[in-house]
Amino acid sequence: MAKPVRAIVGLGNPGPDYAQTRHNAGALWLEHLARKKGQFLRPDKKLHGDYCKISIAGEDIHLLFPSTFMNRSGQSVLSLSQFYKIELENILVAHDELDIDAGTLRLKFGGGHGGHNGLRDIIRCFGGNKDFPRMRLGIGHPGDKSKVTSHVLGRISKEDMDKLESAFYQLDTHLEAIISGQWDTAMNRLHSFRA
C-alpha cells in the first residue's frame, strides 16, 4: 500500500565516470527534479550524499543522491531516515531497471531487490525491511546475462537518454499524485507510457 512520500532517493554511483551511465538513471531523475525547482544537490556529510529540499504540492520533499557507491546506498538512506525521522515506507527510491525497456516507468511498493545492489543494501541496512516505494526507470536488458555489468555501467546512448528525459517529463505530470500516495491514476498513466 503506497504511503505519502516525504523523500526521494536517486540511486547511482558518484563521480564523473559514472554520471551518464545507465546505473545512474535514478540519480539523473533526482537532478532533473532539483533543477526543475531551481535547486541544486549539495554534499551533506551527515547524510553521506548530495542533498536538497524542494516543495511539491505544498509539501517539503527531501532529495538525496547517496555519494557512497551503489552497493553501499543503504548507509546514506538510513542516515536520511534517522536524521529527518522519515520512515522507510515514506521514502521513494528511484533506480535503474534492466527488466523494462529504456524510457519505460513502473511504480512499485515493496518486493525484493531483484539483483539490484542498491536495493539489496537498503533492505540490509533496514534489517530486511522491503516495504518501501520504488520508481523503476527502464534501461533495457542487453539480451545476454554476461553483458549486464558492462551494460549498466555503460554510458547512456543519445537515443536512450532522450527516452529517459521524456519519461522524466511524464513523471513531472504525475508527481503530486505520487507524493500524496494516490498511485492508482499515476500508475495507469505511467505504466502505459512509452517514450
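Any Cβ shown, glycine's included, is placed from N, Cα and C.
Among the candidates Asn117, Asn129, the residue that Swiss-Prot names alongside Tyr18, Phe69, Asn71 for the tRNA site is Asn117. The tRNA-binding residues named in the record, Tyr18, Phe69, Asn71, Asn117, extend over a maximum Cα to Cα distance of 16 Å.
If you take the C-beta of Phe69 (tRNA binding site) and look for same-chain residues 6 or more apart in sequence within under 8 angstroms, you find Asn13, Pro14. According to its DSSP assignment, His23 (active site, proton acceptor) is helical. Highest local Cβ density among the recorded positions Asn13, Asn71, Asn117 belongs to Asn13, counted as other Cβ atoms within 10 Å over all protein chains shown.
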